[in-house]
Amino acid sequence: MKVDGRHTRTLWLEPDGWAVGTIDQRQLPHRFVTVRLETLADAAEAIRSMLVRGAPLIGATAAYGVCLALRADASDRGLATACETLAATRPTAINLRWALGEMTAAVGRLPVECRVAAAYARAAAIADEDVAINAAIGRHGRALIEDIARRKGGAPVQILTHCNAGWLATVDWGTATAPIYQAHDAGVPLHVWVDETRPRNQGASLTAWELSQHGVPCTLIADNTGGHLMQHGLVDLAIVGTDRVTAQGDVCNKIGTYLKALAAHDNGVPFYVALPSPTIDFAVVDGIREIPIEERGAEEVTLMTGATADGRIETVRIAPAGVAAANYGFDVTPARLVTGLITERGVLPATREGLAAAFPERAGLRAAE
Ligand SMILES: CSC[C@@H](O)[C@@H](O)C(=O)COP(=O)(O)O
């Protein structure tokens, strides 16, 4: 998507053809800073520290992390260490493990001297596939928005989203935002309510920034506002992203998603989840019991970082010194609260049958494992 009018992806190869460039998302929206990743440690730290974040981008970065690792050591041991190191960075988004599986399958059986080139080829394909998948999600999701627009006779379609499932969370387009960008580009009048998404504020710092860069009308809201808006008929549909969808259609996403789904259900607001197929984990059925939920540091809850009036970036404490704080990164929305899953193969019911019918090659493989 566009930054200052220039088309930009979130991940690219540097001009030297081997180092990996990306955006330091921790500095947005205050500064647009790009970073060069040169080693396995750089890639792992970028994911761990959330310099890059969002399930699909974590996966693509991990794929390139394997490339960087193999440049230093392309042996079986080197490949195994790379996968172990990257897998340990964040537990919840399944795209990370999916990408490591893809990389291992692409290079594991090759002679050592062929592995680096093959790894770069597969990582590039993963990145390009992510862009194509998200563009397809955009086409399918856009039809949902257009349907509502027709019913509203020209009044803007009101969409609520949570966290950042935008292009910053992917290689391009985003998942939840792809239908929004495509509908907006096609001239469909729409407006996005952007949940701030405490504690790390991905909505405030990332989604509001990228939608504004693209010229999409949006309004930032405190996390607790969605229910009120829905009660007053101010939300036509919700579209969120996800870090992992189970075989039965349970949806794990940024903490707070479940509460929005409950409010949507109570108010008859359609609640859609947009996802690329690598986000489906056919090995897991019951999301609440089986998906590991990342717990991050208490300081993300007790401290806040922002820009001062004179442009300095500062961190301040917003809670009593020493207070206990819990920081669960994700929650699980049961499939029964999900109106539909917007995938690259169409809008599916959030059911075991719906997912298996759309992705039989993956559902069957996992069942056979
Ligand atoms: C297309 S991204 C979908 C999800 O990864 C996104 O909604 C989300 O929860 C991101 O969490 P984050 O902790 O910022 O990596």
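Each Cβ is built from the backbone N, Cα and C atoms, and glycine gets one as well.
Keep in mind that this is a model prediction, so the values were computed, not measured.
Per TrEMBL, the features are as follows:
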BINDING   Arg53, Gly54, Ala55, Arg90, Gln202, Asn253, Lys254  substrate binding site
SITE      Cys163  site 'Transition state stabilizer'
ACT_SITE  Asp243  active site, proton donor
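Shown in sequence order, Ile58, Ala93, Cys163, Asn164, Ala165, Ala169, Gly241, Asp243, Gly329, Phe330 are the same-chain residues outside Arg53, Gly54, Ala55, Arg90, Gln202, Asn253, Lys254 whose Cβ sits within 8 Å of the Cβ centre of the substrate site. A gap of 5 Å separates the Cα atoms of Asn253 (substrate binding site) and Asp243 (active site, proton donor). Each of the binding-site residues Gly54, Ala55, Arg90, Gln202, Lys254 was scored by the number of other CB atoms within 10 A of its CB, and the lowest score belongs to Arg90.
Taken residue by residue with DSSP, Ala55 (substrate binding site) is part of a helix. The Cβ of Cys163 (site 'Transition state stabilizer') has 29 neighbouring Cβ atoms from other residues within 10 Å, across all protein chains displayed. The two recorded residues, Arg90 (substrate binding site) and Asp243 (active site, proton donor), show a Cα separation of 11 Å. In sequence order, Ala55, Thr92, Ala93, Ile94, Asn95, Cys252, Asn253, Lys254, Thr279, Phe330 are the residues near Asp243 (active site, proton donor), counting only same-chain partners six or more apart with C-beta under 8 A.
Of Arg53, Gly54, Gln202, all annotated as binding-site residues, the residue with the shortest Cα distance to Cys163 (site 'Transition state stabilizer') is Gln202. Following the DSSP three-state reduction, the secondary structure of the residue listed as 'active site, proton donor' is coil. Classification of Gln202 (substrate binding site) by DSSP places it within a helix. Summary for the binding-site residues Arg53, Asn253: the Cβ-based neighbour count within 10 Å is maximal at Asn253.
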